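Participant: The structure's right below; bear with me while I get my questions together.
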């Protein structure tokens, strides 16, 4: 980081207020001293690779130039990162997942990585679900980028509804081959990352037909381009889908098949489920980091920027001193931490379930699926909304591409839709909750994340006893979920009795189901954050423990204030209780305010990862804004050719 001699004086003053040990916070945030050392060594290594830098800011490049630059950078990152990992750990399938972030760019490819899906879905798909023969054929080549792959599922006409996919894979008994077809335009694959011009192999999801009978959606390994020339193979139509709101380095593509033959049987009927859950875990981790970066940028800038006066006799104050600004930014800071802790909890659940699967125990699969669905939905929705809050909080300057809010927002909003559209995911979680509610009504024991429902299913309905302590507020979320679930279940049954089919009744109760699934998930997030922070406080210093608990209180108060209607309806909360909750929320903002910059500093994001003119460690925002502006291609000549072509004739009346 820069020496303090060049750091903005307001940021220096903010850092001097710190009440805790920043390094202790960072060790906790990253996951231990060893992880932190490895992270910093990796970042130091990357910062010193000339190939990793951008010759010109990416936001000044054309669509074609951007793709070409991200490919150059992605291949350099893979080559150098593999070399680094190989020297220290050995690069193989056994430790592949541990270094997934390194291989996909570790956060400093601000327009995302065209090889990301290769490493996050294609390679794990082969590792987890290919048989011995298939792994021997593809795994080593995929790990070492001898082949480049992607995961091809979504079509022009269908996305989340997998049973509706139209691509067909028909078994030809005479040749022992699979014939893949796109029977109509809506069956063309559309959106897979890296598909447009990068990948030469795909895991393709298609409807398997044999002897005139459909056997459902299955995954197939398909080569689509020649490995030597990279030309599309006969029967393949492939390209990229064009410019997007964000993620323009990813090279999303389309793919159509015409009687394309492969000598392969399906990889595994469980590939789709396992890969999707694994990917959703990564999404939650990624989106929490996106929100943390956005909060870092906005909070640093809000301490440098001065706007308006509070005391007429004093100069303009730092924007962060306005309570309204604190109310925008500090909850985003706290929420980023809570989402990261819930992602860590989900990852532990995923690993435990994988161990169970090895012994043939599938009992917790439905629970894991339900949690991963709603947590993906909440985390991506909150991250997208939170990044936008942070951008708006930076005023006009936040609108500039050089702030990196555009890339963060593009990445977060893309995650709202890919790997499961959020409303559909909420409904999948809700279906699970309805199922376990009916199990609880029969006295059956439920899985850990929904076990709280048992007490509400087996006892008379009554309002939950409210108090504004953190554990009780978390229980209140569970009480709200249980009561809303009870009502939704009753409404479904009433509609069935009135003549609706179960599917129609569920559809007509959809709004209730989505809402209760979201509240269930928010309760899970709060419980995960509270448990992780209380565990950390057992060994943390007292000053750090106080900060962590204040962060937890803020996110709990913030979430509770968002569902006050439900709390007033299903708990004993009164109007005075609501007034007191608001007071405590405001007090929590004030308590975190002096440490805000030090907390985001403790996230330990180097400037090259933040990639922001407003969020750099030194706080010299105006100098950085001007420096970036001077890199614009339009500023490389004093007079643009359009003056002679159009402006001069216009001014002289000769058009």
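Cβ atoms here come from the backbone N, Cα and C positions, even for glycine.
From TrEMBL, here are the annotated features:
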DOMAIN    21-148  domain 'Acyl-coenzyme A oxidase N-terminal'
BINDING   154, 193  FAD binding site
DOMAIN    273-434  domain 'Acyl-CoA oxidase C-alpha1'
ACT_SITE  419  active site, proton acceptor
DOMAIN    471-651  domain 'Acyl-CoA oxidase C-terminal'
Participant: Using C-alpha atoms only, work out the spacing between the residue listed as 'active site, proton acceptor' and residue 154 (FAD binding site) and round it to an integer in Å.
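Facilitator: About 9 Å separate the Cα atoms of these two residues.
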Participant: Please report the number of other Cβ atoms within 10 Å of the Cβ of residue 193 (FAD binding site).
Facilitator: 27
Participant: So what sits near residue 154 (FAD binding site) in its own chain, CB-to-CB under 8 Å and at least six residues off in sequence?
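Facilitator: Spatial neighbours, sequence-distant, of residue 154 (FAD binding site): 189, 190, 191, 192, 418.
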